[in-house]
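See below for the structure under consideration.
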Amino acid sequence: MIPNVAFALPLSLSLLHAALYVACIYAAVAIRPVDGGRDSPRVISRRMRGAAFATLTSLLATGFILCRWHSAAAALDWAAQMGLRPHAALASSVIALVLTCILYLGPLAVDHLDGVFAWDRLRLSLTHAVRDPVCWRNYVVGPATEELVFRSAVVPLWITAGVSPTACILASPLVFAVAHVHHAVAMYWNGEKWTAVVVRMLVQLAYTEVFGCYAAALFLRTGSVAGPIVAHVVCNVMGLPDIQRIREHEYKYVLWVAHVVGLLGMVLLFEPMTRPGLFVK
């Protein structure tokens, strides 16, 4: 803990990380323009490289800052502070996968009843996903780079500045949420009505803030960024529950119960399954 470091300092540094990440994914296309929209393979490739550059820069910058802020002995442990310890990765990943699947018990039940997990259908989906640049962006590069920036590079700045873990879990995801506002701006530029843009932006801000709190808690409790990356992948795959689909389903009451049980189950199991003693020596 560092005395006399203002709350504004980690916030300012976090916003710089967010600005760098967003700027790099746009600059990667703007510097050498290519044809196509955001789902064009060439645009996706450029943006993924921009995200990778921003991620590496943020990690190096935070590592340097931590080394300067800490004593020489503590500075040697900067990788652990950033959740980059290999020996904690597997346990963190498994716990995050289990907890997040419990959270999505309702949507998973809907998909199961609708035959989404039938082997032939699942095999075709996986084959398509491996070859689809959009899937690589949404389910691999996006989650990995965002968690490395907004958890590994951002959260240690708050903790090192003396912010309590609880305050960090609640406040640091605001930066993660704000970093997604550019999607709303892009929608407005593409001709969407401003009312629809505002509604979707508010929903996305709320969703990213809630997920950010969950990911930050996983990061701090397990001491590894691997868990938040796994949770991010699962959340991107599953998305928000399809309320209309549930309302029209033959087993809608069972599915509503499954949604509630999943949410309560994750909340109740989170603390015992992420006790720091299981991960942090």
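Cβ coordinates come from backbone N, Cα and C, glycine included.
The stretch that TrEMBL tags with transmembrane segment, taken from the ranges 17-33, 51-67, is 51-67.
Tertiary proximity for the transmembrane segment (157-185) is limited to same-chain residues at least six positions away from its ends with a CB under 8 Å from its CB atoms, namely 1-3, 5-7, 9-11, 13-15, 17-18, 21-22, 26, 62, 65-66, 69-70, 81, 146, 150, 197-198, 200-201, 204-205, 208-209, 211-213, 215-217, 220.
The helix, strand and coil residue counts that DSSP assigns across the domain 'CAAX prenyl protease 2/Lysostaphin resistance protein A-like' (136-238) are 88 helix, 0 strand, 15 coil.
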